[in-house]
Amino acid sequence: MLASRTPVSLHHRIVAAGQRRRCIGGSERKLQGRHFTQALESLWRHRPRIPPLPAAAATGRDAKSSWQAPVLENAAFEEYYKVQQIVHKEEWDAFMSVLRKPLPATFRINACCQFYKDICSKLENDFRRYLESEVSNEYGEDAIRPLPWYPGNLAWHLNFSRKELRKNQALESFHEFLKHESEVGNITRQEAVSMVPPLFLNVQPDHHILDMCASPGSKTFQLLEMIHQSKEPGLLPGALVMANDLYVQRCDLLIHNTKRMCTSNLIVTNHEAQNFPDCSLANDYSEAYKDTCKPQGLEFDRILCDVPCSGDGTIRKGHEMWRKWNSGMGNQLHLLQVNIAMRGIALLKVGGRMVYSTCSMNPVENEAVVAELLRRSGNSVEVLDVSSELPELVRRPGLSTWKVQDRGSWFQTHDDVPHDRKNVVLPSMFPSSNGTEESHTVRGDVEVNIDNRSSFLRNCNIEETSKINHDTDGLSINSNKKLDCTSNILNSKFPLHRCMRIVPHDQNSGAFFIAVLHKLSPLNGCQIQGTKIQHPLAKGIIVQLQKEPEPETRLYETILTRQQNNVSKVVDAAEVLGRHQNLSMDKQTSNDNSTEVEMVFNDVESSQAESGDRMKLRKQTRWKGVDPVLFFKDEVVIKSIISFFGIKESFPLQGHLVTRSTDNARRIYYVSKSVKKILELNAEVGEQLNIISLGVKMFETHRSKDCCSCAYRLSYEGLSLLLPYVSNRILYASPLDFHRLLQYRSINFAHFVDARFGEEAASLMPGCCVVVLLEGHKHVDSICKDSSTVAIVCWRGKGTMNVMVSPADRKDLLERMAYRFGLKACAEED
């Protein structure tokens, strides 16, 4: 009987009593309620007493409920990379020890932001000294230091991880500083090795650049910084960055992260990277190059090909990789990586440079891919030796030999693979694939001196290490020891030693692979058509792809299917579900009781939730679920904007304005000359490019009833671009009045400290205006042309001046005012 009177049966009896209670209504409810309560008390009073657990059992239960540290072990991982010999035998313990430690946090300062000098000064003079005094015992003397290999000391390394940064109270103020500066776009929190690939592109001011697999956008942001830094002062940059990603949702993240740059030279597209369109006007490949000076299609001077990969180079960032890693992850991605990179080479201009990179240590995803690119391209492409570039970056040469593992078995050549696995383990995965030297034999009393590999350990001229990496077929070979047996060592004939490997224990970082490719001549038609080959994998295989080591783990989900023409194609899983997710931004709300101020601040909110209307218009475009890109040609509106703000003729406004709406253009975007040419080409070829976002928001409609003669107001995002060319509706405020505007957001004309400024504001006609910070003794005629000028968009209402800046930007400006002029910054919300 005791066995039946368990807490479980007790629970059922209570539930049954409750159900009976709910069935009773009216005056009987209270009476039944008392009976129900009494029944409960009786049940619990007479419930059987459960004997206490033995001490040993209780201890075991407590042990299970307590937190256990994750197991940072994977025998298959260790076996795989020991056989591949990615590090010297003597380094193995140090290599594994570093892999089990948390990854140090790193970030990069945006050199194009107005306040980058203030940020550098604050890091050097404030935080560096503070952290050295507060946490030097825990994290060492150089708790924070610039990365020596990154130009201009713009990238910084921290001796603590992101988790430690969040948890340690001594680092709280520094953590808040990083979060805020990242939010407004002054810094980018990015892993150190992820910053490396763009640096080897050698970007020039007029280059057209393609980022093939761009999301979440830290490298794209880096490329945008480069083109804006390289431009001449006072001129608009002529370069272009086209950032592409496979999934619409990831494109939204890409847009959000690059929006902080406020650039008119960016296009975001949504395509499979291996099928990226060339927008060719030629009928065939021979016509495309009949005029080599002006090819009839889309070509790029620089291409960043940071492909989806297994991501085991990011193993220090999370514990999941230790659990889920297996050698098949890299094998499944090999062909996709080859196809993406070959498409990049086809889109590259002759003389152009492409960087192929992964955050994987697997040679099947790295050297094997590069070797296959060189084999397919013939003499059209070469691997560049860039050992003299970034000399302080510790890197190692690429491997010249490796093995392939499949289902626990190791294979040296494709001939060794069982017949039923030959369509999964591809010939291109091996160093001895077609187009390479098959092998050379080591026989008899050949002396092998392994000490020659010491130059492999640190920076060196990698041309001198071309014959360092040899696979010894799993044998342990001591220095100067002779081999009495016969072993086959298979080396690729391609100069893969020119590739770069970054390993974690060299400079306390993640792992990365980089190869710099140079295009010598056009690919022929067969090579271009052969950039996609048959994929023998069966239908429905779902592969999780992790790309670069960014702040969040990057996972792609693709479905490999065989098409009717037997050509492999990666089907966008998000497209199957429909492209209905759009960029969503947190709306800002205002609690101001003033009707006029509420109208202005709500207008700012609507501009921040820019994508809110994207679902309203889904027509006039060949791409389902994507708004069309239309040139804005309303001459009456354009002339009214030019007249109202006094925009100078030297600013190319006509023909550079686009909108995503056909009925009522609420937002007008400005695009550079280079982007305009791409749009014209895309229209001519029937909209081959699926454009998700482009340009910078310059103007948007307002909802004011103040009888403003212009239906559009300036956007704060585009102000820095347009300010040097605006001649009307500009007010110059002292630091004190500028600070008061930012602090209170809305000020009556009579309440400004400088009465003359209040009078000038009152004399303006109602509508949008620009308030410029007047610093020192700068002349008003030249201040707007200075790139360091601080200005904000305001609204001149009936009796007040109202700031039209987001809370994050307002907070940033207030902190700059406090740092520069000693003015006390107010709380985030007043």
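Numbers here mean position along the shown chain, with the first residue as 1.
Every residue, even glycine, has its Cβ placed from backbone N, Cα and C.
The feature active site, nucleophile is assigned by TrEMBL to C359. Residues annotated as S-adenosyl-L-methionine binding site in TrEMBL: D245, D306. Positions annotated as domain 'SAM-dependent MTase RsmB/NOP-type' by TrEMBL: 95-520.
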What number of additional C-beta atoms lies within 10 angstroms of the C-beta atom of D245 (S-adenosyl-L-methionine binding site)? 29
Measuring Cα to Cα, how far is the residue listed as 'active site, nucleophile' from D306 (S-adenosyl-L-methionine binding site) in Å? 9
State the count of C-beta atoms found within 10 angstroms of the C-beta of D306 (S-adenosyl-L-methionine binding site), not counting that atom itself. 24
Which number gives the other C-beta atoms within 10 angstroms of the C-beta of the residue listed as 'active site, nucleophile', all protein chains shown included? 30
What average pLDDT does the predicted model assign to the domain 'SAM-dependent MTase RsmB/NOP-type' (95-520)? 83
